[in-house]
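Asks: Have a look at this one.
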Amino acid sequence: QVDPKDYTFSGLKDETVGRLPGKVAGQQFVIQDCENCSIYIFDHSATITIDDCVNCRIFLGPIKGSVFFRDCKDCKCIVACQQFRSRDCKKLEVFLCCATQPIIESSTGMKFGCFQYYYPELALQFKDAGLSIFNNTWSNIHDFTPVSGENNWGLLPEDAVVQDYVPLPSSEELKAVRISTDATRSIIPITRGRRHKSSDESCLAVFFAGDYTTANARKLIDEMTVKGFQLVQTKEVSMKAEDAHRVFQQCASEFIPLLEKGPVVALEFNGDGAVEGCRSTINDVFSGTKVFVSESKASASQDVDNFYNFADMQMGM
């Protein structure tokens, strides 16, 4: 029998509290009326509501459904979810991984950055919550109640350090979780999202489903970022033959048989020489692996548009 008290933090002040991996196990969770607390949910959950919290630091592991902040202010958060919503909130700073477009309503002073966090159980928790580490629309915010001439939200500084916002837990119990906030170890690839691109040259690389898809995509991200290129966005999505024709155009036929194995993982890199850099890296590192990669700077921007227009339609369905 589930006891709601085990899945609630209510009316706390100046406390550090949390749940260790395995302790929430997909249940829903409620956080309410907390002030100046540090709250850590190191597990996956069904949905989480956060109401009337002030000056709190909050970490929420993968949420299968929605997270809903209401009437909160001056909170700093790290959140991974399917859906993000805030209503009547002031000054939330959120490092976010969100599979769908985040929505804010009647909220002001909202700031967003890309989720970056690691502990050993996190990858499996993403799987258990049905979330892909490659589907993250953290910067694509929809403001339900925009005010003319004002901007209710913005992006956190690019060099924002997670630990400056949500420090590691200080309680003995929670120290057992082996956390790293080092961006290079983040379970979620760090993307530029809607930030200004440094170059007018982008390149699309698409990996097809297989045993090493995630590892290969991560490897390419590491190789490209070491060379100074920037990862703009990532996406994991299923494709059909007709989608392949639209996205891969004349080389569609060689990739269509690979689509039946499962979803593809697409990466957009940006920077002068991105196409050449990406093609040479794939030749050197992934010689035995079939990868779609843009042919030239001229075709690359079309590749990126074709793929992400298709993916956005898929995700919207």
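Placed from the backbone N, Cα and C atoms, the Cβ positions cover glycine too.
Pasting the feature list from TrEMBL:
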- 1-146: domain 'C-CAP/cofactor C-like' (DOMAIN)
- G65, S66, Q82, Q83, F84, R85: GTP binding site (BINDING)
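I'm curious about the neighbourhood of these features; can you describe it?
Replies: The 10 Å shell around the Cβ of R85 (GTP binding site) contains 20 further Cβ atoms across the protein chains shown.
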Asks: Using DSSP, how many residues in the domain 'C-CAP/cofactor C-like' (1-146) fall into helix, strand and coil?
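Replies: Helix (H, G, I), strand (E, B), coil: 11 helix, 73 strand, 62 coil.
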Asks: Using the Cβ centroid of G65, S66, Q82, Q83, F84, R85 as the reference point for the GTP site, which residues of the same chain not in that list have Cβ within 8 Å?
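Replies: Once G65, S66, Q82, Q83, F84, R85 are set aside, the remaining close residues are T47, I63, V67, F68, C81, C98, T100.
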Asks: I'd like to know the mean pLDDT over the domain 'C-CAP/cofactor C-like' (1-146).
Replies: 97
Asks: Tell me the Cβ contacts of G65 (GTP binding site) under 8 Å, same chain only and six or more apart in sequence, or just say none.
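Replies: In sequence order, A46, T47, C81, Q82, Q83 meet the Cβ cut-off.
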